[in-house]
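Q: Marked as active site, proton donor by TrEMBL: B:Lys218. Summarising the annotation, TrEMBL assigns NADP(+) binding site to B:Cys24, B:Gly25, B:Leu26, B:Gly27, B:Thr28, B:Val29, B:Gly30, B:Gly31. TrEMBL lists B:Lys118 with the feature NADPH binding site. Per TrEMBL, L-homoserine binding site is recorded for B:Glu203. What TrEMBL records for B:369-446 is domain 'ACT'.
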2 protein chains.
Amino acid sequence: MADCWRFVYPLEERSLKPVNIGLCGLGTVGGGTLTVLKRNLLDINAHAGKSVVLTHIGARRDNPAFDLSGIKVSRDVFAVADDPEVDILVELIGGTSVAKELVLRAVRSGKHVVTANKALIAEFGNELFAEAAKHNVVIAYEAAVAGGIPIIRAMREGLAANKIEWLAGIINGTGNFILTEMRDKGRAFEDVLKEAQELGYAEADPTFDVEGIDAAHKLVILASIAFGMPLQFDKVFTEGISTISTEDVAYAGELGYQVKHLGITRKRPNQGIELRVHPTLIPNSRLIANVDGVMNAVLVKGDAVGPTLYYGPGAGAEPTASAVVSDIVDVSRLVGAESGSSVPHLGFALDKLVDYPILPIEEVETAYYIRISALDRPGVLSKITQILSDAGISIEALIQKEPKEGQDHVPVILLTNRAIEKQIIAAIKKIEALDSINGKVVRIRVESLK
Amino acid sequence: MADCWRFVYPLEERSLKPVNIGLCGLGTVGGGTLTVLKRNLLDINAHAGKSVVLTHIGARRDNPAFDLSGIKVSRDVFAVADDPEVDILVELIGGTSVAKELVLRAVRSGKHVVTANKALIAEFGNELFAEAAKHNVVIAYEAAVAGGIPIIRAMREGLAANKIEWLAGIINGTGNFILTEMRDKGRAFEDVLKEAQELGYAEADPTFDVEGIDAAHKLVILASIAFGMPLQFDKVFTEGISTISTEDVAYAGELGYQVKHLGITRKRPNQGIELRVHPTLIPNSRLIANVDGVMNAVLVKGDAVGPTLYYGPGAGAEPTASAVVSDIVDVSRLVGAESGSSVPHLGFALDKLVDYPILPIEEVETAYYIRISALDRPGVLSKITQILSDAGISIEALIQKEPKEGQDHVPVILLTNRAIEKQIIAAIKKIEALDSINGKVVRIRVESLK
């Protein structure tokens, strides 16, 4: 049978030049990468069209789970960046300060880089990608967003024909696990969080996950690829799920909705980009509403293709390693090629990126779920609906419950139509000022994802 | 800002050398491709890093919907293949005889090819890919499977780290629309088929769609990429949905299952490959069970990543054009590159493909839904269960209904555990031979997709 890639690498050159991998970091993802590389090496080489060889590991300490015989091991990760034999440096140490220096050092010595580090890319990607371009190398980062789901490739290449209109993703498994448990078992947030920590899904400090910072890192990367703009992590609006009550999850269910913690970005023509992470009600009938537990999914709306969805495990040793090693395969094809044909880091040629304005959250357009604790007295509902009507906000659905035994307040739940956020907030302030209203109005954004 | 792809194409060369596209076929997909290319040209060029120019169209007749001024038009599609100015030939004429000659002619004259033709790739891909390798060009075919879903890229590159264990896809929208309507509205197959034809979802001759031939074409391509084996269209087992009754769809629902027309391929270590298209019961709790109407989805199980799913529109002018144009962008990057780094056609280097045996359907391992029309008389159920038990087949679930007014037969519905198909068939023959059984036993395969 003919040799499909002979035109890329002459046979003799191929057998002479294996691709040398230097791996930095032997934690969860580093260990998973070692495991997958070893187990599937023959297939990986068959995919790459050359021999991929792990030659150098940089790790502060040994990991007794792995036999590293035959592999050079350095305690100083920078020794891997400086190793002239290494073709591709795989950065799996995490964090941003050392990792950034490490990647820059590798790039400047002409090495390609593969990383799973979402914080690094979201916060320093512009600088890193520019430096990589200057040195004719690539930084591959499929593992940085949604773990094992090949969403970077899908958006950067698979949807390249499209103008992306918006995307919405469940891109933090911990948050989705908590919300799923709250819905299925009627358990409180704090209670489920504790279990997630015990199960190892959530860190001891859960802020990154439940307050949406982790999701914001991923969203910023997806948005830049979607619209062709520089990474702007400082501009993303972030709201966590720690304030979501079991009560609201249940009312959402009655209305035919799920509460999901979504990263959402949308292009508003001639206005700017919405870039936001927050709890969101979405209709049960959307496929993404059925994504439960620790799983991730990203729904992307392109102007030509319509909606497409990508689903899979967003974290974990081997799922993340799946993305890391797939990147190693891709980048291996570039090693030794005199001129490559690599995809630009953000899908668009760097000089074609546009610095679109990011809209402040007050200017975002969305629908709202509103829960009001109202006195059970005639005329209250009329006052509420009058305020909304005066603000030009119409009501799509309404539930009024009977008062509980011995209580004089009743919950009133409303779904509004789409409006600019500042208008909703102004209306809610007026509602809260009514005598017949008890405490703060609860509000959760609603997206139809159509 | 630095120029990300300067190392690929020098600036002066870029501006001098646009990529010339020759498009053959102006039907639904051809029209969609023209529309998308025109509407999103600036973004497409920003993705490709060069100017993509449609220079030559081959079509037997004009399509009055499109203004083709400034583009050379030939009545003979082979004139496009012979045009020395054309870099990439886009084959959208369909069928296999002329299309095959056209693609071969283009390849032999050093042109890259983009095609949406699943029959062509499934039936003649081995020959075409070998010829393309010989001439240092690529044949891109993302649009051939599941329309706008970038499943070829996802599997060939995004999951390259994995050994694929199995995949299951809803890869024919017409069939899925029919089954969804049968479930939601209790309508009969024939009735919904007629509506699908009126809506334009199904062809006048619906055989390709409802008997699974279209799905078989796509499955064969996916299986070859999954396992790294030559395309073997003649080996796929195909069973359509025309025999599925509304009654069975409803009983499946009672048991917590959906009936979907799936293309399934699975590697049975040391035995061979299962390659089959048939109606299948799948649990409601799987995300793919919620894929309704004309939408497509492919669920892939990799050993490292676990399950991932890809969802979107599997047909239609612009969704298919989305895949065609994304391929044009990818292939454009190769044009003029002295040495490329292209991905092998089936993901694996051609000389690494393995000709695994395809298991005959009798050797497939699957669970079964069985519906028996049994005399409402003591001892019948015991005889049925004895036959299954003797064959080593255990029963996972059972429903026995009351007889309808005036009938002496009752439906008995069973779900079995997994077994080799020929064992199930032998057991069913014995059940059908019982005096107390009326007519043929209905059987539908069941997959848990875990």
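Glycine is no exception: its Cβ is also placed from the backbone N, Cα and C atoms.
Map these features onto the structure and tell me what's around them.
A: Around B:Lys218 (active site, proton donor), the C-beta neighbours below 8 angstroms that are at least 6 residues distant in the chain are B:Lys118, B:Ala122, B:Ala144, B:Val145, B:Ala146, B:Gly169, B:Ile171, B:Asn172, B:Gly263.
Listed in sequence order, B:Leu23, B:Cys24, B:Ala59, B:Asn63, B:Leu92 are the same-chain residues at least 6 apart in sequence whose CB falls under 8 Å from the CB of B:Gly30 (NADP(+) binding site).
B:Lys118 (NADPH binding site) falls within a helix when secondary structure is assigned with DSSP.
With a cut-off of 8 Å between CB atoms and residues at least 6 apart in sequence, the same chain places B:Gln197, B:Asp209 near B:Glu203 (L-homoserine binding site), listed in sequence order.
Mean pLDDT across the domain 'ACT' (B:369-446) comes to 94 in this model.
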Q: Once B:Cys24, B:Gly25, B:Leu26, B:Gly27, B:Thr28, B:Val29, B:Gly30, B:Gly31 are set aside, which residues in the chain still have Cβ within 8 Å of the Cβ centroid of the NADP(+) site?
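A: So the extra residues in range turn out to be B:Leu23, B:Gly32, B:Thr33, B:Ala59, B:Asn63, B:Leu92, B:Ile93.
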Q: Looking only at B:Cys24, B:Leu26, B:Val29, the binding-site residues on record, which one has the least crowded Cβ, with the fewest other Cβ atoms within 10 Å?
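A: If we count Cβ atoms within 10 Å for the binding-site residues B:Cys24, B:Leu26, B:Val29, the smallest count is at B:Leu26.
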Q: Looking only at B:Gly25, B:Gly27, B:Gly31, the binding-site residues on record, which one has the least crowded Cβ, with the fewest other Cβ atoms within 10 Å?
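A: Lowest Cβ count within 10 Å among the binding-site residues (B:Gly25, B:Gly27, B:Gly31) is B:Gly27.
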Q: I want to check the contact list for B:Thr28 (NADP(+) binding site): same chain, sequence separation of six or more, C-beta distance under 8 angstroms. What comes out?
A: B:Gly316, B:Ala317, B:Thr320
Q: Please report the DSSP secondary structure of B:Cys24 (NADP(+) binding site), reduced to three states.
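A: The three-state answer is strand.
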Q: 10 Å Cβ neighbour count around B:Lys118 (NADPH binding site)?
A: 24
